[in-house]
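If you look up TrEMBL, you'll see 47-344 marked as domain 'Sugar phosphate transporter'. The transmembrane segment annotation in TrEMBL covers 45-69, 81-103, 124-146, 152-169, 176-192, 204-222, 234-253, 273-293.
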Amino acid sequence: MSRAQLTRTGILRMALGGGSGGADADPLLPAEGGEDRPAPFLLRALRIALVVCLYWFTSIAMVFLNKYLLDSPSLRLDAPLFVTFFQCALTATLCLGLSLGAACGPPCSGLPALRLDLKVSRSVLPLSIIFIGMVTSNNLCLKYVGVAFYNVGRSLTTVFNVLLSYLLLKQTTSLYALLACGVIIGGFWLGVDQEGAEGTLSWTGIFFGILASLCVSLNAIYTKKVLPVVDGSIWRLTFYNNVNACVLFFPLMMLLGEFRTLYHFDKLGSPSFWGVMMLGGVFGFAIGYVTGLQIKFTSPLTHNVSGTAKACAQTVLAVIYFEETKSFLWWTSNLMVLGGSFAYTWVKGLEMRKVQEDPNVKNSERNETGV
């Protein structure tokens, strides 16, 4: 997943360790307990399968579209900040448009009204800076590494989650979860080694992949601190984050000379180019919604498992699509990262279930386990 996998509305709920429902349940998602009786098993299974397929399609398509926009030899557009800026602007516009449609009734009637409050915008600004670092480093990582290696290149998010939870929140992690992190680190370094052996290693891409992993972890932690400023509304936070990002991207694009690049870009007036840009932005916005849907109809644990399986499918598709040949050790590195991520998710899920079932567990222990 590029930026949208971790930057849009529904994904933040997972990053904060939340499930579904609650005071800030997504108004675009079906409300829990809305049915008098549970749907038949076959209908529920079909609904879950459709939601998972929708998540997979949206996430994988978004990564391939962003790769085309960022690093296509036929497009030749060296303006990654502009691509990111456009997607943030489109997201803010879509949020505002959905909010204006709230007066039209279902399904938008539960959306909060959005208006720009400069005081709130300033309060959200520290998180917005982290947000900019996250979406920019995600896109720059994707620009410099192949889609097949993209998952491994930014696979250290889980490791940073554990490290920052201890340094900033003083929360410890179990031995089994640490062992899973060790497997992820081993897979990451093996992948870097194999990319070097094949002559396709980009240290710039690796740097931005590590930076993206760090920013994703920081974004999850600081989101929890900033949410009260926007009354706990993920939609308001998404709106303010993207508006702030649009403002801050302007001096960055000017500093890096991207306006000059755009001036000389030969496809700036091409409808097909803007069509792909719009499509990438829509997919980037939609990933938060379908992520929320998947969590809603399954669980945060199942969502993580689905995301791990999706990353595996994405890697295989990328190798086939770009007609690449990879060594056995290269595939081993991917399996180590995916296996370590799955093991960490499974261990944390078991620990959280144990905490929920044991009424004698102290609140501090609940917090430690729920990271």
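Just so it is clear, glycine is given a Cβ too, placed from its N, Cα and C backbone atoms.
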Winner by Cβ pairs under 8 Å against the transmembrane segment (124-146), considering only 81-103, 152-169, 176-192, 234-253
234-253
Restricting to the domain 'Sugar phosphate transporter' (47-344), what is the model's mean pLDDT?
90
